[in-house]
Structure formats: C-alpha cells, structure tokens
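Novice: I am attaching a structure below and will ask some questions about it afterwards.
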Amino acid sequence: MAIHKIRAFFNLEASGGIVLALAAIAAMIIANTSLNTWYESFIHAPVAIQIGSFSIAKDAHHWINDGLMAVFFFLVGLELKREVLIGELSNVKQIILPAGAALGGMIMPAIVYLFFNYNEPEFWRGWAIPAATDIAFALGILSLLGNRVPNSLKVFLVSIAIFDDIGAIIIIALFYTNDLSLGSLAIAGLCLPFLYLLNRRNVTSITPYLLIGVIMWVAVLKSGIHATLAGVVLALFIPLFDRTDPEHSPLEELEHDLQNTVSYGILPLFAFANAGISLKGAGFGELFHSVPLGIAAGLFIGKQVGVMLMCWLIFKLGISTMPKGMNFKQIYGAALLCGVGFTMSLFIGGLAFAGETPLFDERLGIIMGSIVSGIAGYMMLKATLKDEVNVTSVDLTRHS
C-alpha cells in the first residue's frame, strides 16, 4: 500500500517541485537551529579527486554547483535540442510569442533591480539574478491546478522557460566568467571536433560522448568559464536519431534516464546546499538591503510587467496571435509564475556575490520574490481557470 502511494506521488507532475521545495525548507530550518554547525560542515566539507599528479580539490558546495549542476545543464541542453529540432520551438511562428515574453521577462527584472541599486555600483553585478525562471517550481505550481489547465498554457510556460534558460546560459558565459586560461580553453575546444566526429559517424553509444564530456568539463572548470556550460555544449552533439534505426532516439533515451536523477536528486541537493539562510542576528538592514529588495521586486514586479508588456506589443503589432484556448488572464497568471526564480536565481546569485560581505544575503530576495510570485500566480490561475470552467458549463446548458 505504502509503495503504491510512493509511486503515485512520483508520477504526479508536481512531485519534482514539491521535493525541491521540501529540500529548500529543510535547509532553512536546519540553518536556523542548533544543527546549523552540521549544515556548515556538510557544505564546506573538502572533497578531492586525484589521478597521479592531477587533482581537483573543492568543498562539497562547489562540487554540487560546478559538478552536479553541469548534469542539470546537460539535461537542459538535451531538452533545448529536441524542442528546436522536432518540438514546440521547431516552428518560427510558434516561438515568437514565448521568445518575446522571455526577453521582456529578463530585461524588465534587471531594470527593476538596477533601479533599487542605482547608487551602489558595486552591487550592479547582481542584475541577472531576478532574470531567471525555475521551470520545475513553476510547472509544479501549475500542475496543482489539475486538468483544468489547457495544454497551450503549459506549452507557453515551458517555452518561456526554455528561452529563459538560453538567456541564462548566455549571461553566465558573457558576464560571470573569471580570468580566462587560454591553455585550458584550447583543450576544451579540442574536444569539439571529436564530439562532432562521433555525431557524424552515427555513434549512438553514449559512453564515448560522456568520456570526452568529462575531459571538456575539467578543461572548462580550469579555464575560468563556468564549468556547467560544458554540459550544454556536450548536449548539442548527442544524436537525436539513430540513422540506421529512426525509431531509436539516443537523445530522448538519455533525457528520460536523467530526468528523475535531476528532478529528485541533483536539484533538491542543490536547493539544500544553497537555501540554508541563517536569520540569527539579522536586523532590518540585512533584511531590507537594496540587493534582496531589488531581487524580490525584480522577480515579482519586473517579471510580470516584462512578460505582459512584450505579449501585448507582439499582439498589437500583429506579429503573433493568442495561443488557442488561452486568454490574457491566463497569460498574466503564467507571467506571475515566471517570477519563481529559485534554482537558477540561486545559481546566478552564487556567481555574482561569491564570498560577499555579510551586509546582505541575496538569497532572501530570491526566496521572498519566488514565494510571492508563486502564490500570486497560483491564485490568479485558480480564479481564472475556475471562471473558464463555469463559463463552459453555462454555455453547455444554454445549448442543450
């Protein structure tokens, strides 16, 4: 009986978001109790890998953020490739609206953040933190509404998140890269022809790709570019189809194999390692510092304004039309859910303010903005979709 209940839970579309939320809540509770010492020891525990004279030594926190999150970005890359080649993003007309919405949803939060910090140039580097959307949380919240949610709304939200991920990848590569090591970068670059050759020769075994991918990840890690980007690049070379057997898709097979590991292992572990905010001794200044306030306002206000403004502009100019089965109220609900930045915002925040002084904690703003956006989006869509159901039932009665 218990096993059936566990299986039923993991079959829920919302289960990934629920596990992620529980991991974050657990981290916050532990960080504010006597267990905080254990928590700090866990995330700062030294972990080293040594092969001969070569070694990589980092603490657990960095291994999670640089290593395990590379697997997450690898999965994101696989999803991007599939969607662009055969999915929702394969048609130019289909991608204009979510692409525009994602662009607006990245620009406006950054503007809001910079408005809050315009007198503090040293904090400007946090501008990209509220530009992100956490698709696991957003879809988890959306799935709580059950089968009332039209498929077009799910596709719209997922498409925005995909373009959001593309934007985040570009931002990390361009703005959060340290001093470059050209030698390491050259080694990473040398991996690309080998990956291309494997793809062109229709090598469908994943093992050689992963072996080269590990070498590329180490080189990128040493180069100064964030190591997670190696995961995205590797994903682009995984074959979508086996040319000798069109029914076999190595990419989709790998995507399926990684989904549960990422959703129920890597992302919750990342949330646990990054959301442990200790509020002991935190005063008014720390809680209402311009950085966390700017992030929270960027996620809640900037996201919805940016997404809605771009959608309105696209409709007004006749560039695209309203997706079938959707209306402006539903788009607004989706725009609110886009303000749930959690995972990617925490990730970018760790890059922007690594080793920052205790004047503020950017994670407070991420959590505040994400919670308010999630609740507001859920309430808006619950009311809107309920209205839609009621309208439908009235129409059916009228025509009977």
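A Cβ is built for glycine as well, from the same backbone N, Cα and C atoms used for every other residue.
Okay, so Swiss-Prot annotates it like this:
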{"type": "TRANSMEM", "residues": "10-30", "note": "transmembrane segment"}
{"type": "TRANSMEM", "residues": "60-80", "note": "transmembrane segment"}
{"type": "TRANSMEM", "residues": "95-115", "note": "transmembrane segment"}
{"type": "TRANSMEM", "residues": "126-146", "note": "transmembrane segment"}
{"type": "TRANSMEM", "residues": "155-175", "note": "transmembrane segment"}
{"type": "TRANSMEM", "residues": "178-198", "note": "transmembrane segment"}
{"type": "TRANSMEM", "residues": "218-238", "note": "transmembrane segment"}
{"type": "TRANSMEM", "residues": "265-285", "note": "transmembrane segment"}
{"type": "TRANSMEM", "residues": "295-315", "note": "transmembrane segment"}
{"type": "TRANSMEM", "residues": "334-354", "note": "transmembrane segment"}
{"type": "TRANSMEM", "residues": "364-384", "note": "transmembrane segment"}
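Any idea what these are sitting next to in the structure?
Specialist: Long-range contacts of the transmembrane segment (60-80) within the same chain: residues 42-45, 47, 162, 165-166, 169, 213, 217, 221, 226-236, 238, 251, 254-255, 258-259, 261-262, 266-267, 269-270, 273-274, 347, 350, each at least 6 residues beyond the stretch ends and with a Cβ under 8 Å from a Cβ of the stretch.
Sequence-distant contacts of the transmembrane segment (95-115) (same chain, six or more residues past either end, CB-CB distance under 8 Å): 88-89, 124, 126-131, 133, 156, 159-164, 167, 294-295, 297-299, 301-303, 305-311, 313-314, 319-320, 323, 335, 338.
Using a Cβ-Cβ cut-off under 8 Å and counting only residues 6 or more beyond its ends in the same chain, the transmembrane segment (155-175) has close neighbours at 73, 76, 79-80, 83, 88-89, 94-95, 97-99, 101-103, 105-106, 125, 128, 131-133, 135, 138-139, 142, 225-226, 228-229, 232, 307, 323, 326, 331, 334, 337-338, 344, 348, 351.
Away from its own ends, the transmembrane segment (218-238) comes close to residues 56, 66-67, 69-78, 80-81, 169, 172-173, 176-181, 184-185, 187-188, 191-192, 195-196, 198-199, 206, 209-210, 212, 250-251, 254, 351 of its chain (Cβ-Cβ under 8 Å, at least six residues beyond either end).
Panel annotation: around the transmembrane segment (295-315), residues 96-97, 100-113, 116, 126, 129-131, 133, 160, 321-322, 331-332, 334-336, 338-341, 345, 349, 362, 364-366, 368-370, 372-373, 376 of the same chain, lying at least six beyond its termini, place a Cβ under 8 Å from a Cβ of the stretch.
Beyond its flanks by at least six residues, the transmembrane segment (334-354) meets 20, 24, 65, 69, 101, 105, 125-126, 128-134, 136-138, 141-142, 153, 156-157, 160-161, 164-165, 168, 171-172, 176, 226, 267, 270-271, 274-275, 291, 295, 299-300, 302-304, 307-308, 311, 362-363, 366-367, 369-370, 372-374, 376-378, 380-381 of its own chain at Cβ-Cβ distances under 8 Å.
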